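Report on the structure given below.
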Amino acid sequence: MTLDDAALKSFGFIERPTKNMINIDPLQTGGILTEDARRALVEWGDGYSICDNCGGVLDLIKKPPVQKFIHEALPEFLGVDEVRITHGARESKFAVMHAIAQEGDTVILDGLAHYSSVVAAQRARLEIRKVPHSEKPDYHIDPEAYGTAIEETISETGKAPALALLTYPDGNYGNLADAKKIASVCHEYDVPLLLNCAYSVGRMPVDAKELGVDFIAGSGHKSMASCGPIGVLGVNNDNGDYSDIIFRKSPTNKNKEIELLGCTARSATLMTMIASFPEVVKRTRNWGNEVADARWFSEKLETMGLIQMGQKPHNHDLMFFEAPNLYEISTRVKKGRYFLYKELKSRNIHGIKAGLTKFFKLSTFEVGRENLSYIVDSFDEIIKKYE
């Protein structure tokens with residue numbers, strides 16, 4: 001590519017065409033910036049602006065109040081002993097795996113684990129054993145199955161897994177497994193539990209100590225109204241000196257933590273998380289209403305012939321639907337499998353991936369009952385239009 005003036009016109013400022021649409025994309029609903037975060041995005045957008053008053057350790061910066069945020073506010077919010085900021089939930093998971101386990105050790109993953117959990121384990125050169133889930137339509141994770149997976153690992157390898165992980169909720173069906181029971185089962189074998197909370201921390205109340213988990217990974221850009229990439233990593237020391245292991249320092253660069261490569265998310269990403277934090281804390285207190293909205297929405301779509309997969313009654317805003325009637329329509333209309341995406345787009349609704357009709361997932365988080373009613377009416381109109 002020749003970087004002449006004509007070629008460079010492809011870049012520069014690019015407007016986002018979906019920014020004013022009603023958003024039901026599970027990846028995006030929890031990451032929409034608050035107004036304070038939008039102001040912070042501009043104020044702290046310069047690359048290393050966070051380092052105006054840095055003494056060499058990101059999480060110890062006092063102006064702005066990064067130290068207070070990371071070492072006081074976030075531990076209280078997450079129910080953990082120590083917190084660090086990372087570049088995302090996947091980086092948090094990898095840091096734990098890489099620090100806790102040795103090459104060739106086994107990590108136990110739930111059968112609904114996100115691909116990034118698998119890749120993180122592979123990057124750490126670990127063996128993976130998955131806990132099976134029940135079949136359609138529930139996709140249930142049995143806590144006792146973690147014990148079975150651990151015992152099978154001990155039988156085959158001669159030692160317990162280095163770590164177990166639970167996705168809470170899973171990113172396909174929005175199921176919330178019994179994390180407290182699973183933690184208890186794992187601890188019977190002295191196996192620590194990592195909770196992947198990419199879709200929960202910042203949306204709903206999550207207290208790691210109450211659940212009995214050792215590590216918690218959260219996503220700022222997915223669920224804490226932050227610009228990405230940014231995540232959180234929380235560590236509890238009730239079952240071991242895990243903070244010393246995870247946050248060990250370099251012997252040569254004595255104030256730099258090895259697993260974090262020194263400093264992680266900074267400037268715009270961190271400052272948008274801090275700016276949104278007051279509203280994020282408050283919105284988790286409204287979780288009961290969010291669940292009520294999700295259940296109401298699911299019930300309405302099911303009256304039209306769609307089928308919600310996963311837990312019922314549902315306990316999360318992320319939902320997966322099977323839509324045989326929409327799929328049937330897609331087999332005979334001119335727009336084919338893109339008809340649903342185009343119909344929703346024409347009604348200012350964004351979030352269901354283009355080309356999906358038979359199965360799709362969506363999120364009702366902070367969409368509001370009025371907009372959800374409009375979306376329900378839109379589905380009704382679309383189905384009747386093609387009957």
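The backbone N, Cα and C atoms fix where each Cβ goes, and this holds for glycine too.
Record check: Swiss-Prot places Ala89, Arg90, Ser219, Gly220, His221 at the pyridoxal 5'-phosphate site, and the matching candidate among Asn196, Asn253, Asn255 is Asn196. Secondary structure at Ser219 (pyridoxal 5'-phosphate binding site), as computed by DSSP, is strand. Taking the centroid of the Cβ atoms of Ala89, Arg90, Asn196, Ser219, Gly220, His221 as the pyridoxal 5'-phosphate site, the other same-chain residues with Cβ within 8 Å of it are Gly88, Glu91, Ser92, Ala198, Ala217, Gly218, Lys222, Ser223, Ile230, Gly231, Val232.
When the Cα positions of Ala89, Arg90, Asn196, Ser219, Gly220, His221 are compared pair by pair, the longest gap among these pyridoxal 5'-phosphate-binding residues is 14 Å. Residues near Asn196 (pyridoxal 5'-phosphate binding site) in space but far in sequence (CB under 8 A, at least 6 apart, same chain), listed by position: Ala89, Lys93, Ala113, His114, Ser117, Leu165, Leu166, Thr167, Tyr168, Ala217.
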